[in-house]
Structures are given as structure tokens and as C-alpha cells.
């Protein structure tokens, strides 16, 4: 199921080298959540302004240039992107959502965007190929486009994101479309909760982008129960978050940190995020080194209420190796190493003896290729 399987969604895109441009025609209700970085890209500011009344008729996206830290010129360029799309789509400028991703601090090549936008518009359609072209247009260092859907709730989403990913949200753009009928206020409430339970639990490298944008758009053609929709939206976002971790720049392994028995959920999530964000843990995962001391240390500095009564295990989804039992090391490092070498996905499970709090985070290993990719990013 592609985004073009949602009735009323037409899209297209073009990719030339590092630069891409995507366009969507869609009329409906819209909600968005955006970066928590204090340095906010121009398209984030403009997009927030434009979707404030909850109505959308189009989306325009460019990749290769973030249009961030570009001052007043950046704001003018973001608004011009909306104006270009509006003129093509035959709608008001304020009905266009805009997003950008790429290198920070460089001016947009507006001449290229002006030239390519009519070409993209002329190819708008609802085919699988249209959806694929839009997906390719929005990626940067991604190895693949992230996609997920729910037939049950009539949701389809497409996203990009591979590096500069850390709570809150991750460098990510995500565009989710649904034919389920909800107003913008309902969409926002469900979007905010779903993003918090998924994207805000994801960390690749500890950096938070200036451009994070997640948009949820409803064409309002079908009735879906709200509880069902929100549960399915979480599932769609969880799938995309896992794909982002799998595609973390240079990543070879994805892992989840699951915590229970914490004093409360807040503490559990603090611990999970600290472990998932730890560079020492990430490099240990890459090296298949069951150095559980790094995990314990991260739990200890997380800010949560922690003591030595921790039970720690590693699992590949089939087999589980316990390394610590209620504070007592078990000497199972070699068994854990063998499990890590075979696994593509791991679960690090920490059980505390503080209460009933539960939490989780998603991460990936940190490899030599991550350094190489990011050392050469702007060259």
C-alpha cells in the first residue's frame, strides 16, 4: 500500500544528484509536529504558520538543502516554495505545507526549484511509480525510502531519515496520509501521542535536526474508530522508526532497550534513552562486545532512580542470555557474544526493582561507515 492508495492523494517527485523536489496534491485536514531544536529551519516556521488553521491543499518538499540558518532570505525562499506550489495547484499560498532536508547554512537554489516544479507538477498521479518518485525525491543519505501502512485504519506513510536522529523526533521528514475522517484537532492529539511513543524514542547519533517534520493529513472519506486509528497510527510510526534505525548511517544492527520495574514510566524512558544514546553502547553492539558495564553505567547517569538491583539480558527475539541477575553478574559473556554475532536485531532488557514503570527506546550501532559518511557529507 502506497500513499497514492489513499483516495485524493496525487504526488510526484524528481531527483537530480543530491537534490530532489517532491509535490503532493491533497485536500483535507492537517496536523504537524516539528523539531524541538531551538534553531528552527525556515520551512519549519513557515509550515507551522500555514497549517495553523488545519486545512491543506498541497505539500512541497525539497532535499539536499535544509534551508536552515539562512536568515530572512531563507524565510522568503520557504514562502516562495509555497507560492510556487500554490500557483501550480490553484490554491492559496497558506494552504501549502513545506519541508526541507539536507545541508544546513546554504541558500536554496531557487532557480532550480522554479525550473523543476512545473515538471514535477505535470507528472502528478496516483500510481505506484508516482509514490516511488516522491519517496526518492525526499531522501538524502538514506539507503532506502521508509514506508509503512495500515489497511485497517487506511493510513499510508512515507519518510526519510538516517542520520542526525535523536529525541525529540529524529533528521526526519514523515508524511502520513489517511482517508479516515478526523478534524485537525483530533489529528494533532493522536499525532502528538503517536510521535512521542515512536519517533521520540529513536536515536541514531544523538543529534537533533533543525528540520524535523511529521505531517498527518486526512482526506476525510471514511469512518474509522478513533481508538483503532490511534493504535494503528502508532504501529505505522513504530515501523518507520525501526526502518530509520536499520538505515542509520552505516548501521549494521538495530536494537531496542526495554526497561521495566522502574519507579515510574518517566524513569524507565530516561534509562532506555540513555542506554540507546550511549556511544559506548552503540560501538559495543557494532563490535559484538557484551560489555554490560557500559549499559549499567548509562542507566546510572540517566537521571532516573537506579540502584544495583538490576537484571540485564540480551535477546535476538528467539534466544535470551542473562548477564546480570538482581545485581549479580552471571558470567555469560561468551554466550552473549555468540548471540550478538548472529543477530541483526537485539533487545537489551533491564529489569529494576523500583516499581511498575515501563519504557523503551530504539537505536542502532555506530560504525566506521558512520564516520566516513558524515566526514564527507558536504563534499
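Here the Cβ of each residue, glycine as well, is placed from N, Cα and C on the backbone.
Within 10 Å of the C-beta of residue 160 (substrate binding site) there are 28 other C-beta atoms, taking all protein chains into account. Residues or ranges marked as substrate binding site by Swiss-Prot: 140, 160, 171, 249, 374, 379.
Swiss-Prot lists 171 with the feature active site, nucleophile, giving sequence analysis as the kind of evidence.
Compared over the binding-site residues 140, 374, the count of CB atoms lying within 10 A of a residue's CB peaks at 140.
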